[in-house]
Each structure stands twice: as C-alpha cells, then as structure tokens.
Amino acid sequence: MSGSPLPSLHSPAEEATTAPLSLLGVGATGVAAAGQTPTESAAGTTSPTSIGYHDMGQAASTSPPAFQTPPGAPAWKEKTAISTGSTTATTAGNTMASTTGSTTATTAGNTMPATSLYPFGMEGGDQEYVQRMVDFNSPLFKPEIGFPFGKSLQDALYFTDNGQIIFPPTDNHVPSNPNPPPKGFTGQESLPMVAAFWDDADFSKGVGTTWYQVRSTRGVLLGESTKIEKYLKIPYVAKWTLKVTWEKAPAYPSQRDDTQTSTYQAVLTTDGNCSFALLLYQDGGMRWDYTRLAAANVLIGFSSGDGYAQNNELTQKPPAVKYRPDQHSNVRGLWIYRLDSRSRVNYRLWCLAWLDTEPAPLQGGGMVPSCSGGGRDPPTISGPADTSMRMLRSASPSPAGAGVRCLYQGGSLLEGWQERTWNRELEAFDWCCRRVGKPLFCAKFAEKRPRVGCEGYVPPTPAGAFGDPHLTTLDGLTYTFNGLGDFVLLLASDAQTSFILHGRTAQTGMAQATNFVAFAAQYISNTTTTVEWTLGSQDDIQVLLNNKTIQFSYSQGEQDLLLNAKCIPGVLLVNTSSVTAVFDGTISVSVSATSGILSVVCSLPNWYCNSTRGLLGVWDHDPADDFQMPNGTSIPVNSSEEEIYSYGMTCNLFTQPLGSPALNFTPFFLSRLRQENESLYELAALQCHGSKECIYDSLSTGNLALGLATQSLAADFQQRKTALNAFPPVITGDASITAFRTEKVRRQYHALGAGARFIPHLSPELNISENGTLIWEPRGAAPFTINLEAVGSNNISALLQLRFTLCRCSRSQDCDYSNTVILRESSLQVLAACRCESGYSGAFCQDPPDPCSQGCFPGVGCDPFSGCGPCPAGLTGDGEHCCGSACGYHSCPEGYCSNGGHCHLHPITCAPTCTCPPAFTDQHCLVAGGDFQPLPTSGGYLCPAEGETQPHSPWSWDARATTVAFPQTDSDGFTFVVVSEFAYESRGTIIRFLNEELPTAITNAFNARRGRRAAEPMCFPFPVTVDELRDYFRCTLYGYKGYRLHYVGIIGFVCISPCKMGYCQHGGQCQHLPEGPMCSCLPFSIYSPAGLQCQWLAISLAAFLGILLGALALLCLLFATACLALHLCRQHRRRHQG
C-alpha cells in the first residue's frame, strides 16, 4: 500500500530464508491443542522438518474454547512450532516442547532468522508521545468497531511507558503500574492488558521516546494481515491497527547518558471479529542490565480479565533469557497472540460497513416524501406489527429515489426515517440504532437516513368510481355516468412522467345501467409499465402485469401482506382486501370487487395538479371546470343527467366494433326512475338515508343490497378523504432532557392546533400535566419509556419521542452528555463516562484519589490514605519505584517529613523527598489544604428502637469493623446477646454500607447459622441519615484545626479546608497550618487588606500621597500649558496688529 506507515511486514531477513518459519512464540507452550492429547500433539514429528500445533493462549484455570476455522486451516488457537529432528511433547504444564538433535527455537544463540521491526518514527508516519517523568500514559484510542478481547468488546485502550497496552473499564481509570506481578497473569486482573515488555521504565532523564500510529482501514490488505496469514494460516484482513514503538526505553532509574536501553514494538490489530497482538523485539536492541534491577520480573503476555490469559514461556526463565526476547522464538524476536476467546456478532462492524456503502441522503425539494400525521397514506404498505405499533413504508421510491418508513403508535406518528432501498433498511436500522446501544451510531445512521416528520406533508388526493358508476373527481365533484364501453378516466403528465387510467363498463344484468368490469393503467417514466384488472366470475380479480398474469391468493389481512406482493422496478402490486398498484411510490390505483362490480380509487401526488383530464376531472382545486370536453369547453356542474351523460361519452375510446349494441345503449336516468314509481323512490330514499347513489343503484337494478353496498363504498371513500386531510396537533419543545443525579427538571411544551391538549402522565419520578408541563425527578437508573402525547379536537393525536439523559457523576461539571448509552431500548440513556478532575476516578468520579491505584513495588504494603510504604531493606525509592541505592551512607534527615509522610532518597541525586498524605500540599507535609476523607470514630450508638431506653440494635464503630448485638430470648426465658462483627471493606460510602450492605450481610450470616430451619426476616433500625453520622466523622487530622465536614454525593464525607472555600478575602493567600487557616494579606491598588481573613480594607498613606502628588503635578502641567498658549496667542495678535 503506497505511503503506508506499515508498508510491509516481510523483513529482508524473513524473505531471504527458504527454511519453513513458524510462530510458536507466537508463544511456545507445550500444552496440546483443544481436543488433542499430549501424545497426539507429538504425532507425525519424525520427519526432518515437522510442524506441530500448540495453544496460542490459555486460561489460568482452563484452556480457552476451540473455535471453528476454515477447512484445512489449523484451529485459531493453535500456533506452529518448527523444529529439526524428532520432537517429544511434554504433558500438562507450561514447559515448551523439547527437541533432540537440533537447536530449539528458544535456546540462546538461536541461528534462526530475526524479525525486523516495522518502520517507525517520522519515516514510518508515526506520532511521537513522551513525557519526561517517571510514569506516563498515552492518550486514549477508541476504535469505532471496538476491540475484541477475551469475551468482551472493548471500547478504549492506551499504552504506558512501562510496556503495557491497557483496556480501561472507564475513561477515568487509567493507571500505570510499573511493577508486574512476580507470578505473571492469572486471567482475573482488574485491568485487561497486553504486556509487550512490562517492567519499570523511566523516560524522565531525556533518554528514549515512544511512537504510535493508528490506522482504520476497510478491506485493505495490510502488513500485519500478511504476517498473520503467513504464520497462523488463517485468512485475515485488518480493519483497525495500533502500532506502538518503545524506542531506547531505559530502565528505572535512568541516567542522562543511559545506553542500556530496549527497543520493541506492539501491534494490536482487529477485523472487528477477531484480534491479534504482534510483539516484535529489535535484534540486539534489548539491552537492559538485568543484574542492576531491584526486581527482575519482566512480563510478556496478556490477560483479558475474564479468565483468558497467556504468560510468555520466557516469563519463568532466568533473567538472562527473559530480558532478551529478541534472541528467542523460531522467528527470533516475534510473538503473535490471538486475543479474542469466543465468536461474537459485532453489530458495530455491520453498521459501519453499511454506512460506508450508502450514498448521501436526498435533500428536500419536494421529492423527499414525508410521513402523514396518522399513517393513512395510500402509496404505502405496512410491515408486521403488533396491535399498538404499526409501520408504514413507501411501496417504492419516489422519482428522486427516496422513500419513507413511518412508525405509528396507536395511530400517531412516533418516528419516521428516509429510505433508499427496501431490502436492508430495517436491518441497518436495527444494527445501528438498537443492537449497538450507542446513540453515536444511530446519529451516524441518521446522517445517511435523516429523520422524517410530518412537516410539509401534503396528503395524496384521491378520486374514485363505485357501483353503477358514481364518480368523484380529484376536485371532489360527485356525479353518475352510465356510459357503456371503454373510457378515459384519467390522463396526467409532468416533464418526466405520464399516467393513463382507462375503465371498461358492461351492462348491469338486465338493467338499463352499467358498471365497471375492467381497468387498465399505464405509467411511463424511464420504462413503461402496464397493469390490467379484470373482474372474474367469482368476484375475484384477475391481474396482468405487462401482459403477464400475476398469481396470488386473495388475502384477508396484513399478516400475509408481503406474501401477496409482487414487485418489479417501477411498480408494486399488493393484494389485500383490494388489489393495489403503486407506481414509483407516488401514484396508487386500488381496485376492489363487490357484488359483481369493480370499484376503483386512484391517488395522485400534488405535482400532477393542473395537468389532468378525463372522467375524473381537471385537477385544479376548482370543481367548476371538471366537465371539460376534449375541445376545451366545459358544461356547468349543475347540468342535467342527460347533459352529463353526453359529456361523459366524449371520453369514450370507441373501441367497440360498428353495429355494437354499446353504441346504441341509453341508460335510465334517476329522474325517469322516479317518475315511473314515486312511492318506490320514496321507500328507497328512506332506506338509503337520502343517498342518491344508493337510490339509483337500488331502483335501476331492483337490488337494495347493491344500493346499500354502493352507499357503504361512497361513505368509506369520503371518510378516507376526511381522514387524509385531518392533521394532528404540532408539539413544540426540546425532546432531549438532561438531569444531574436527583435534581428536579422542568420543561414546558406547547401543542398547536384546534382544541389541542396533552395527555397527562403521573408516576413517582415523571409527571406530565394537561398544559404540557413536564417534571422529571430521577430516583434511579431503571429504564422507562414515555412519549409526550397531544390530542386535538378532531381526536387525532401527535407524539413526541422524548429522550432522557441522566448524569450520575459526583459533580455536575464532570458530566459528558456527548457520551451516552441507551438502557434496554428505552427512553432513558445514561452517561457512558464522566470527565473526572482532581485525581478522582470511577464510573461516576466517585472514587477519591487513591494512592494505591498505581501499585507498589513487590513486597511493599499500601495504606489507602498514605500510599505505598517504604521500599524493602537495601532498596531506596518511594515505595512504588524502588531500586538499589547508590547513595551509600546517605539517609533521610530525621523528621524531614511530618504528619505521616514517607521520606525516600532520589536514586541518582540522593536528595530526600516526601510522599505526603492527601491533605498536605508542601514538600515537607507541613502545610495542609487538600481534601481528605475522614475515618469514623469509635463509640456511641445509633438508632435505638422506639420505646426502649437501650438500643435494640447497638451499632458501635471503629475504623475497620462494625459490631452488631441482638438481644435474644430462648424458650426457657433466658436472655442472651448474640454479637457479630462485620468488617467494613466496601468501596462505597459508610451510609450505603450501613443502610444497604450491612443489613443484607447480617441477615445472611445469621440465617446461615440456622441450619435447615427456614430463614427468617430480621428487624433493623430505621435507615441511618447523614445528620446522624456527622458526629462520628471528625476532621481532626494530625491536630490541624479548621477543616469543615461536607457530604458529597456518592463519595461520602469529605473534609475540606476553608482555604479552598474562599477563606481569605481580597486576594489574600491562604495556608492551612496546625492552628488553622492563616491568611497572608497582599496590598493592591491603594488598599492594604488587614484582619484574620484580609476582610478589612485600609487606604495606604504612601499610595494616597503618591496619587495626590501626581494629581497636583498634572494640574501644574496643565496650568503651565495654558499660560504658554495664552502668551503665544498675545504675541500673534501684536504681530498681526503691527
């Protein structure tokens, strides 16, 4: 790949050799592959060159599960070891395969070729990242597709100066532990990580640096892909890669002229489904002097934290071997590990792949459809839905290539999306907006498929013909026409398309009336499409599509909708209670059969307005010209039946042969039928409730049922028109609502429309009033779904899909509302992470600075308040970093660090340095001012039961345990007290421990002692409150006075110095000394602050005199200038007069 920062993973040394290569070290262990006995793993190794397969990674307790691989390829978890001569496999254990008659792949002095590092630095297109301090971390890297590791899909990772690549649980917990565990990984580590060369490095003296490069590629064969395919024999194409290079990394403690450094690389790569780590070590570049290290525990391998781990075989070797990984493995200096331990469906990958292939969305212009307010569009068909939810989708794209998908709840629009294709739209929406669970992916989906509402929606305009033809034009004019023959119902055209609808009538039995028995429609755009409907003998409808018969059964409901649909480019045929043809998603023709008569409803989009003619009228929103003749003249809309009949015959296609009876057919008109039998007319009018269409059909055919059927069809048609033109209210207001913890949030919404009002909602944490006032008072993170609903006087409702975002961070300034996670497809989403400050960590920034989070040197204990203890005897350092002392007779001066601070000597300069408790801010742990969490004090009782002089459940305190005593009376009347002590080991607050964790622990402990007897509930005092606990927490730190106790959210009690709360006024500098906060008042302007808190202001005499003298000098200067100007003016006058 031209210009690639990782141009080739084939090093010159690798290409030069013809000997077969393998990556065992691609980690070499002698454990047999899954499903293979140790004996089987050694089979077939008698040839001069042999290949055996071994585990690439193993769990601490059990081997990782096997995975399917392509036929002929080794299992993914296998690695290839090549040796010469016969091979003997070891049994259970972690030792490598032994060989005879050859030099093994892991023997020093290996003659196998060495791998080369990928190009790095500026020439490799890398970015440099280094901080000149003992420990530092890189920025976070967040692959969009995620990174499969063990059983999980990780979101973020970072590297440290100490040779680690770590996958943090949250963005706020990014420790850098310089001390690897002496026994290696167990698989249950709290931080998933890959250890490329984990040991204590030190870049603080200006020696060495780190480089990194991130590449996101889609379907491009990269160097790492080639290497994985070559050595693991599996197909692989990388989609995300992180390359990290530690160049000339010095060991701790480093010096400015340090040359005993190490250079190595880690390449982490994934295709979204599986992932690999390639660890490369520069040949001859691993030069740490392991004899001078305080703890030679370097670790290479990985741990997913969920039971899947691998320790490199070198870990258990002597330092001379394990600190020289460049001299080991069959391809010296190269190990490959597979990091995922189970197959999974990565919906992020599917979503992003779909997004990559989709074009930009269409933009407006009237050619992008909208959703209706109530899901009543004729040119749509519905997908499967439950009784409360209904989805309508465009039957085919508009001329601009766009469609819509509209979701309705109870008849109200819930949400709408633009569509471009029929097949994969729902799948892509499911992947991006539901399966991934991250709103960011749904936002990306919305960039390709914008949300659609009912704004700008123009309902399609229908026209129709029913019974013994009664026609309703596009402008709403209704009339009766009983012509016999083939007629032009509609001609419509615009610049790109044209549409024709013809109808054929036949005589209705023996009556002097007609009805439709066939229709034909032709749509011309890029192609020509013709659909014909013909009445069958059993009231069925026979359909021809482009002169080919279409076979589908007559469906009785929407459940078989897609089974009864036929789709070709340009038209969709749907067979439900009628047979509907939808042309280009815009023109709909729906034909139904009743009582041996065909009826039709035709709907046109608004761009055909002013361009139609035929029996269905001239569509211009004016019925007056609907009876327009082919010559352009019109007859009045109140013309007689005979005149209307004559007009209609001008639309006759005259396809009948000469002499046909149709040419001589004359229908009976309603006026004649009434004249012939007035009483029968009155009876029909009564039964038809005055409907002229019903009266005519009843009288002309002598069939009242037929007349009533026509009346029903006409009523349905009018109801449909009314519904299409009825709109729901418009709701205004922000649909996104955010809240911090338990704060009460109020929002006001408005509904625009006649008689619009909101549907009230009442629940413990969410209230919506009829006037649109919403009050949300969060009480937890339980998912809930709620939509704001408004209904108008026409009884049509509108919905606004609300999105609630809850921040549970400890402080409001920590909230990052751009990073959220949806809870179980509900209306509630919570922050995925908080932005912690001042050293706080945890998912909600609830954990105060933890001096133990970075880990301590092996054998050094850690106090949660003061941090790591002193280094072991013979070593010096701060307890986190220890090394052999070069300071000889030097030692810390007695009393150099106060108030529990630990003194240690700098390993190079031998200068004493203090590690102070959190409250102290100076170099000798004398000046306080920092926050700290107080310990509970001993003594006292909490919560006596009502009516008792002694507490029923006395709870006494010390710093480490809670003792609970329960008076009990047995059956003999003897009273005794059962006492139990519960250690306080919770990471939560004391109040949560007392009110939630401790009662559960007590109940479980006492019920466990009851043997087989049934467990009983236990009584506890009322929940402990913050005010009750205040007396047990005192801010007395080493005798320092003045600290104030505060209760901060889920952090608990915190002692805060007045110095951090504006104790000193008027810019005074505050120091917290043992006697309390002290202010140093600094003068400013003409003022000199005074008082204990610099609260008084006095005017400085010197400043006042200076200002006064300056003002006088300025006045004198102005006076002198005025005198000089006056003098010059007089001289000028004298000269002028002279």
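Every residue gets a Cβ built from N, Cα and C, even glycine.
According to TrEMBL, the features are:
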COMPBIAS  36-50  compositional bias 'Polar residues'
COMPBIAS  81-112  compositional bias 'Low complexity'
DOMAIN    461-656  domain 'VWFD'
DOMAIN    888-926  domain 'EGF-like'
DISULFID  Cys897-Cys914  disulfide bond
DISULFID  Cys916-Cys925  disulfide bond
DOMAIN    1056-1095  domain 'EGF-like'
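Per-residue pLDDT, averaged along the domain 'EGF-like' (1056-1095), amounts to 88 for this model.
Take the CB of Cys916 (disulfide bond) and look out to 10 A: across all protein chains shown you find 24 other CB atoms. Per DSSP, the secondary structure of the domain 'EGF-like' (888-926) breaks down as 0 helix, 9 strand, 30 coil. Residue pair Cys897 (disulfide bond) / Cys916 (disulfide bond) shows a Cα separation of 8 Å. Around the Cβ of Cys897 (disulfide bond), 21 further Cβ atoms fall within 10 Å across all displayed protein chains. Annotated pair Cys914 (disulfide bond) and Cys925 (disulfide bond), C-alpha to C-alpha distance, rounded: 7 Å. Here the domain 'EGF-like' (1056-1095) is broken down by DSSP into helix, strand and coil counts: 4 helix, 16 strand, 20 coil. When the disulfide-bonded residues Cys914, Cys925 are compared by the number of other CB atoms within 10 angstroms of each CB, Cys914 has the fewest.
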